[in-house]
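Asker: This is the structure, below, for whatever I ask next.
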Amino acid sequence: MALSAAASTLARLGYYEKLAGILGIIGLVLLFWQRTRQPFYPDLPLAGETPHRRWFSLRTRFRYYTDCASLFNEAYHTVRFHASTSSSSTLSRLNAHASQYTKHGKGVLLPSVGVHTAVVMPESALDWAMSQPDSALSITHAFADLNQTRYSLGDARYWRDPWQLTLVKAHLAAVTPALVPQLNDELADALAKRLGTDTDSWREMELETTLRRVVAQTLSRLIVGPELCRDEGYLDLAYKVVLGVMTTIFATLPYPDLVRAVTGPLASWHTQRRISRIQRHLEPLYRERLAILRSAKEDQPPDLLMAMMRFAQKKRPEELADPAIIARRVCAANFVAMHQTTIVLTNIILHVLGSDAEFSTIAALRSEAAAHLLSSERITKDAFAQMKVADSVAREATRLNFPLGGRASPRTVMRDGLVSPEGIRLQRGTTVSWLAGCAQLDPEAFPEPRRFDPFRFSRGDGDGEGERDTFVKTSARYLPWGHGKHACPGRFVVDYVVKMALAQLVTKYDLAWPEDYGGKQPPSVWLAELSVPPPRARIMVRRRKV
């Protein structure tokens, strides 16, 4: 009877539900197996645990999934010790040194996803780490593992050698005068399609779902040009691949390589088929761009695909000859550009709508947009530089909602014998990171740190490091773009798109909360260490009569 009931229940479960159940069972087995191994960094303390523990308790690992924000906050400011398991003399001695943790110069271990443990470096080690050569601390190896590129895109090369991304900064500088006005026009078309043009009736929409399509169309103009950026079939596939990469990450990252070899192909099966369909969409463009390269025409399309193929012709000819590789590099560029921009823009709009009435945030944004960015003729680099209110709003919203989880600037240790200035002896193969989300909410750096102050950075208060802190400027207290020589090259694209989107939204549309929200902003949701916009958050829009 019991077996029959179990079989009946299993039959009703979907593919991903069955996969999740199997992975959960495997995870528990591996967790108990891991606890029998040698200690990981025995000289570093375990956040949330009593002194001298060798492994995280199940309670602390469970807390990672249910109360990660406070766990990380403790690790940033201090370490939690439990009176029930420590003598008063031990507590006094340890509390006397509590200020030594990541904010004040000492590393700490934190539970991470699945069976893993994270090595978190102190803030004081950031500049040292960012100055290390890639042969010592590698960002590309860290992100290849984090994004599970071997499975999600079929090969680790797309992040271990991410030339499709490093091209962006130089390419954008060369084409900005011609391309940015085109992006603005594309954005206007995408907003009109999804938000409508009715000036009499309010329309309710799911914010993040709508912005996915708006961002996909706008950034596809940059990445693949006008031929595909309005092709709904291509856009649908492009974002499904983005979501498929996320699914693969969730299905593989928690486990050791042996298990990943099984779960990776299973979780990415649909994604690989969709990438093949994207390749078919790209084939005509690929052949056309090859012909342009062979003819050595000077007048070439300004999109990233053309720049990628031009680079590959000179530096990676074996990749240029394979349209499947080019298609996967386009998908890698889509993943970074579309996913990050959508999350950032969603958080910004939620905070703008939820900002305190005393700030009149929308009125300030409208006034600034009217002065600097309402016509294509005005869309210049200098015009963007004058948009200090929009810049401050974007930085403040991103400060409050770190888009990459609680940790940032991951680096994989590539050789033994590497020792930080604080004396932390790093083990080869370890990935280290920093508690960026906590640093961005530090009350010593930001008065009223959890309050959205749209003008915090336009006043010049910032983090006290001199010049005004802009949306794209990185520091130890602001790491959504990373830091140092490998800071995200695509952040300048996000900067342009966010400011254009804010300008168009506030000048062309009225925005409001649905009645059932009671005028209040819905809170972000924590998924382990990821803070994400509230699922299915809705807003009301109506075209303005202007």
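Just so you know, glycine gets a Cβ as well, placed from its N, Cα and C.
Taken from Swiss-Prot, the feature heme binding site covers CYS488, and the record attributes it to similarity to another entry. The N-linked glycosylation site annotation in Swiss-Prot covers ASN147, and the record cites sequence analysis as its basis. The annotation transmembrane segment is assigned in Swiss-Prot to 13-33 on the grounds of sequence analysis.
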Asker: Should CYS488 (heme binding site) be counted as helix, strand, or coil on the basis of DSSP?
Answerer: coil
Asker: For each of ASN147, CYS488, count the other CB atoms within 10 A of its CB; which of these recorded positions has the top count?
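Answerer: Of the recorded positions ASN147, CYS488, the highest Cβ count within 10 Å belongs to ASN147.
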Asker: Cα of CYS488 (heme binding site) to Cα of the residue listed as 'N-linked glycosylation site': how many Å, rounded?
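Answerer: Here the two Cα atoms lie 15 Å apart.
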